[in-house]
Each structure stands twice: as structure tokens, then as C-alpha cells.
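S.K.: The domain 'Acyltransferase 3' annotation in TrEMBL covers 23-335. According to TrEMBL, the transmembrane segment annotation covers 27-46, 52-73, 94-117, 137-158, 170-200, 212-229, 241-260, 317-339.
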Amino acid sequence: MAVKRIFVINLPRPSPSGGHANNFDGLRLVASLMVLASHQFVLLGLHEATLAEGMTLGSIAVAMFFTMSGYLVTESWYHDPHIMRFAMRRFLRIWPALIVATLVIVVAAAALTSLPLHDYFGRETRRFITFNAQLRGYYTLPGVFATAPASAILSAVNGSWWTIPLEAKCYAYVAVLGAIGLRRRIFSLLALLVVAVMYVKTLPGHSRDNSFDNLCYFYTAFFLGGVCARQYAVEISRRRLIVAVGAAACLLAAALLQHARLAQWAVLVPFTLWFGQQSTPGLRSAARFGDLSYGAYLYAYFVQQLSVHLWPAPPSYPATATVAAVTTLLVAWCSWHAVEAPALALKRRLRAWFPDSAP
């Protein structure tokens, strides 16, 4: 009887990693600490120095995250181009740690709420749990950090989580591109073009002016930049001069159009991927204690809020940022060893759960 292939597309392509230990793990951890450093200014009400168009240390780090994610997730698809296994790998990476972090924050914040516990564990807290589990984004808990000035940022317990639903959407884009055949690389370039057009349309003064949508399209462009870089990895390695000329052309266009974000994209995408593929002492061995970047991203904001609100004296940036960073890394270590690593170990069973073929 003929064997029917399901959910799988054979796309044998060489990996550009060269088989050596690279900087990606360390670079992700550095980026997560850059986000922490940037948020600490906001939570303390301090001014953070920016580059053009509000580019902060945190926004640069998020762009780096999305660039690396696009590249590495596409590499994951090439390694195993099976839709169900791809989806489950993404599920195991995001959801277990996210659910546990949500519950940990809810329980820890119960000691901080100004409300009676029976009121705290009410509808709003249940909504916080269910919305975040569904990647819908919910950022406050009742009576927690309520003394902060009226600001969604200053009253949030998980203010950095807004990127997680966007990241999940980007994973879905790779699945769709994979389903139609990532070997048809023109589709990824077209997707990047569409995102660029939508980014322009959501700029102030344009037809679909919306600051949040604009931000989402901006970071999606970094993700798709990583996708395209992985798809054209062989060509890029052979024609680096053309890549350099293309980046220079983008920089020139950014200068002529006075649009600094185009320059940010033209510089950060190639630099992040180039540096990530290097093997730098310290960075290349960053994962020896575990991959702490996601746990740091999940817990940093809440830990930072604690560092600001529970500080016994008027909080200073160096002191609170240092305490928050060390505490966040410790919590991230616990998250990795107690939740993330055991969840990711289930990936070994995916081929048994979702085989390549069926009779």
C-alpha cells in the first residue's frame, strides 16, 4: 500500500552555523538584561537616553530578539519540516513557562495587594490568568502597585509580555510559509514587503495610523528579516559585498527620508545575525547554567516592580537595577531547571506522537 506523507515537506538545506558553539544563547541573555535596564528607567520615573525616534536600549534589544527568533525558528523548520511537530516545539517553548510564571506572579502579588484576599482572588485575577494563557495580554492585578501614578506601565506586573502574542503570530507565519513551501523563498520576501507597507500605513498621518499596530509591524519586519536571512544563508555567505551594499543603500534611504527606524533595521538585522554566529568566549558558553533568557524576560518586570516598591530608602537606579538583575537571573535559573528544560525534554517524543507518515 502506498505511504501517504502528512504534514511534512522535505527541505534539505545546509545549516550556516558551521557546527561550532555560537553566541546566540549569550546574545539572547544580554538582550533580556538590556530590556531590564531600559525598563528600570521607566519604573523609577527617570529619563533614558535615546537615539533617533525614541530608540532605547530596550527597543534595540527587542529588535535583536525578533531577528534571532526569525532566524533560529526558520532553522528549526528546516531541521524538521513537519507542521505539527513544529507547532508543538513552539508550544513547549512558550506555554509551560508562561503558565507557571503567571501563577507565580499571582501568588506572590497576593502578599502585595491592598485588597482582602477574597476580593483579590476574584474575577480580575482569574481574567489575568486566562487572558495571559490565551496570549491575549493582561497586565494588572487588583490592588497591586495601585499606589503608582495612573499609568498602565507603572501599574503593570508583567509589562514586557506584550511581545509574546506577537512572537506567537510570527511563529504562525513561519508555519504558513513552511506549509506553502519555504523553498519558494519569494513568498518570505513578499511577506516582508507586505509588513513594510503596513508599517508605513500605520505611521502617524497615514491611512491606518495606530501606534501599537505600527510597533508590531516594526518588530515583525525584524523577525521576517531573520527568516529571509536563514533562507538565503548560502547566498549571503557567498555574496557579502552585495549584502553590505544593500545595507548601505538602506542607510542612505533612511538618511534621505529622515527615517531612523529604517536605519535600525538595516544595521541590527545583519549585525545581530553576524555576531550571533561568532564564537566569543563568555557568550558562547552562556548556556552552561541553562537558557535563562526567556525566564528572565518573563519575571524581570515583576521583580523590577518589587525592587522599586519595596526598597527601604528612596530607590536609586544602580542599586535597584543590580538587585533586580541578580534576582531575575536566579528566578530564571529556577524556571529553566524546574519548568522549561523538563518541558523541552518532551520534544524527544514528538516523532512518536506525530510520525512522518501514515498508512
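First residue shown is number 1, and so on along the chain.
Yeah, the Cβs are placed from backbone N, Cα and C, and that goes for glycine too.
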S.K.: Do the transmembrane segment (212-229) and the transmembrane segment (241-260) share at least 3 Cβ pairs closer than 8 Å, excluding pairs fewer than 6 residues apart in sequence?
M.R.: no
S.K.: What stretch of 52-73, 94-117, 170-200 shows the most Cβ pairs under 8 Å to the transmembrane segment (241-260)?
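M.R.: It is 52-73 that shares the most Cβ pairs under 8 Å with the transmembrane segment (241-260).
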S.K.: I'd like to know the mean pLDDT over the domain 'Acyltransferase 3' (23-335).
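M.R.: Reported value for the domain 'Acyltransferase 3' (23-335) is a mean pLDDT of 90.
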S.K.: Please figure out which one of 27-46, 94-117, 137-158, 170-200 racks up the most CB pairs under 8 Å against the transmembrane segment (317-339).
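M.R.: The stretch I would name here is 27-46.
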S.K.: Let me spell it out: take the transmembrane segment (170-200), skip the flanking residues so only those 6+ beyond its ends count, and list any with a Cβ under 8 Å from a Cβ in it.
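M.R.: Result: 9, 11, 66, 69-70, 73-74, 77-78, 81, 83, 86-87, 90, 206, 208, 213-214, 217-218, 220-221, 223-225, 227-228, 231-232.
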